[in-house]
Amino acid sequence: MYESMKGMLAKANAEGYAVMAINAFNLETARGVITAAEEMDAPIIIDLLQDHVKSFFDCDILTRPIIKMAQAAHVPVAINLDHGSDIAHLKRCLHEGFSSVMCDASAYDAQENARITREIVELAQIYGASVEAEVGNMGRIDESGALLTDDDMYTDPDVAIEFIRATGVDCLAVSYGSTHGDYPEGYVPTFHFDIVEKIKQATGTPLVLHGGSGAGDDNMRRSVEAGINKINVGTDYMIAQREFVARALAENPGYDYPTLVEDSWRAGVATIKHYIEISGSAGRAR
Ligand code: 13P
């Protein structure tokens, strides 16, 4: 069942759970996401990162077969452009059939972010697609593994509340402690759940946790309680596949390559199923 995130997240919001949004970058990794969701009877979002779409597979080629897979799935599946900051490219993705887009204008000031987002919300309505936006910015990890965070990264709840009212977005990514990518060994980030609670109480809008990998299961469960209805995970899915490939080649350097590719996405399915369990979305396909 191919859907936009709108109805999916409205149901999650009403019933108090989060839908997992998993980064995929080709047909195999998208198949892994759908397989995990079907095995857990859960709704799911395939997050296609703008940079991956641009570098690995132009959107008009990639979208069609993934939409076909989504249509054939036994569970609701949305395709979301993740971190769409190139507005011309984002518009093209809407045209090519993405059921959801994240309009990431968070690098601009709040007013300009709202102006750009509002325009995309109006355009997306024509396509029946849903829109995610972001206020605040996630910290990040540099090449050496050092965590680069500061007070500016946190979402100001009052700015987010005004932003939601001004734009009419379907869901909003908020920054309250997580960071994209892999954390240094043993590091568990501190989350400020009050930011999520305040925005949720004022607006009732589905909110999004980015940088789910390594956030910690407890932080995720508490995020859902605070009002998060979409959780993004990318890195942990990729790591599960990379570790499988490394092990498989160490044990058998002559591993048949097509079988290796096939077995590697299957090796990532367990990681997604774990997060589906934590998010509370298992068994919520209907
Ligand atoms: P991680 O790769 O840290 O899980 O983050 C994924 C994400 O938030 C994509 O937008």
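Even glycines carry a Cβ here, placed using N, Cα and C.
Automated prediction, rather than curation, is the source of TrEMBL annotations.
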Dihydroxyacetone phosphate binding, same site as Gly211, Gly212, Ser213, Asn232, Val233, Gly234, Thr235 - TrEMBL member from Gly181, Gly186, Gly254: Gly181
TrEMBL annotation, Zn(2+) 1 site containing His83, His210 - matching residue among His52, His180, His274: His180
The one of His83, His180, His210 whose CB sees the fewest other CB atoms within 10 Å, among these binding-site residues: His180
His210 (Zn(2+) 1 binding site) as reference: those binding-site residues from Asp104, Asn232, Val233 with C-alpha within 10 Å of it: Asn232, Val233
Val233 (dihydroxyacetone phosphate binding site): nearby recorded positions from Asp82, His83, Asp104, Glu134, His180, Cα cut-off 10 Å: His180
Entries of Asp104, Glu134, Gly181 (binding-site residues) sitting next to ligand 1, with Cβ under 6 Å as the cut-off: Gly181
